[in-house]
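See below for the structure under consideration.
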Amino acid sequence: MRRIAVVPGSFDPVTLGHLDVIERAAGLFDEVHVLVVHNPGKTALLPISQRVSLLQRAIADAGLPDTITVASWSMGLLVDYCLEVGASVLIKGIRSQVDVAYETPMAIVNRNLAGVETIFMLPDPANAHVSSSLVRQVAALGGDISPYVPRVVAEYLQKAPV
Ligand code: PNS
């Protein structure tokens, strides 16, 4: 039986912290689906299609395994996607107690809804302070985001500052 995990998130935009979690997840599972999901609680910077494209290019540039696929989901619950592709595990990066508090209720609800388990993965300490919201803010104010994001993201946001 193939072990399939989903790494869900807004990825607005993908950061080096995300890429680290995706790479390590790929080392643990036969297939990893990186799933871009709209979070209604956040004001989006990039359209979903652009986030998917940047993720695909960042994953290819980093030479990550082809067992990783990128998709988006807007058809309902996250666990519906998991059931559709046969994934039994969600993987979330956890940088701090704030993330634990934010992720724990979702993990419990997702397990109650469909028996999908959530694994929390600690970031590489080098990325523990990196978040998409920080990147959006620095980019909007004209700062250098290259230490925090894959090269394709830095180039894209420099060319088309939003
Ligand atoms: O990167 P984010 O914004 O923290 O990701 C949050 C996300 C998109 C994974 C979360 O909002 C989510 O799971 N949305 C899907 C809707 C859903 O299934 N909700 C019910 C269970 S929490």
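Quick reminder: no glycine exception, Cβ is built from N, Cα and C everywhere.
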Of SER10, SER53, SER131, which one shares the substrate site with LYS42, LEU78, LYS92 in TrEMBL?
SER10
Near VAL130 (ATP binding site), which residues of its chain come within a Cβ-Cβ distance under 8 Å, counting only those 6 or more away in sequence?
THR15, LEU16, GLY17, PRO123, TYR148
The record names SER10, LYS42, LEU78, LYS92 as the residues that bind substrate; what is their largest Cα to Cα distance in Å?
18
Within 10 Å of the Cβ of LEU78 (substrate binding site), how many other Cβ atoms can be counted across all chains shown?
18
Among the binding-site residues listed as SER10, LYS42, LEU78, the Cα nearest the Cα of ILE94 (ATP binding site) belongs to SER10
Which secondary structure state does DSSP assign to GLU103 (ATP binding site), in the simple three-class scheme?
helix
Roughly how many Å lie between the Cα atoms of LYS92 (substrate binding site) and GLU103 (ATP binding site), rounded to a whole value?
8
